[in-house]
Amino acid sequence: MSRIARTFAGLKAQGRKALIPYVTAGFPFPDITPELMHAFVAGGADVIELGVPFSDPSADGPVIQKAGDKALAAGIGMVQVLDMVRTFRTRDASTPVVLMGYANPVERYNQKHDRHDGKSAFVLDAAAAGVDGVLIVDYPPEECEAFAAELKSAGLDLIFLLAPTSTDERMQQVARVASGYVYYVSLKGVTGSGALDTGAVEAMLPRIRAHVQVPVGVGFGIRDAATARTIGQVADAVVIGSKIIQLIDEQPRDQVGPVAQKFLCEIRTALDN
């Protein structure tokens, strides 16, 4: 059983829901990420999604795009992201870490670090660094069977997005290769956009669960404790990204961790009560 699966199983046994914060690696300061990840855990995070900066992030709204641009300008790439996870693991061997990003940085890493043995350098190095799962936004499930098999052999989960527009056929395709959890994108559009229709989310989750056996996390549009509580009543996990990025942007360095931790404590309390 993977670290992600163990985490969800433990939460289910306690009747609790997973809190999954997201941050772009290297934002808002290039060397703050491991420290910020520990602040997330202190605030009640169960899983951490770490965004890999990319120059053309098609699913990301302006808030996360800006964070990615800032991280890229500071020289943050896949090598640095894996180093951050490795550093985090020196003090935390239990909190699952998921890398979220796009195919291009993964493929570039494989090309640059090719071992000429037919195996994915990214998968092997991610596993060695302490990564638990991977969510590649632009990898369609019908083309992912070989990648999923490589990840599984290395002990990593492959996580997919589902959307309000996802058909039953797409859900079945995702179910064949997904592990860990699936991430339901509760809004049409990009991250941080629009108001969340909690009723629509509640109506969609039984459809997803009819096809998908892994836990279902919900993200996009969750900005406060009240919304998180409502979503937590129907989902297995609540994912929050853009709001965290907004809160820590422009904070002085010594306030980044405390501000994020305080916000997550509020969300955690709402989910648990």
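The backbone N, Cα and C atoms fix where each Cβ goes, glycine too.
Taken from Swiss-Prot as is:
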type     : residues : note
ACT_SITE : Glu49    : active site, proton acceptor
ACT_SITE : Asp60    : active site, proton acceptor
### Task
For Asp60 (active site, proton acceptor) and Glu49 (active site, proton acceptor), determine the Cα separation and express it in whole Å.
14
#### Entry: Secondary structure of Asp60 (active site, proton acceptor) (DSSP, helix/strand/coil)
coil
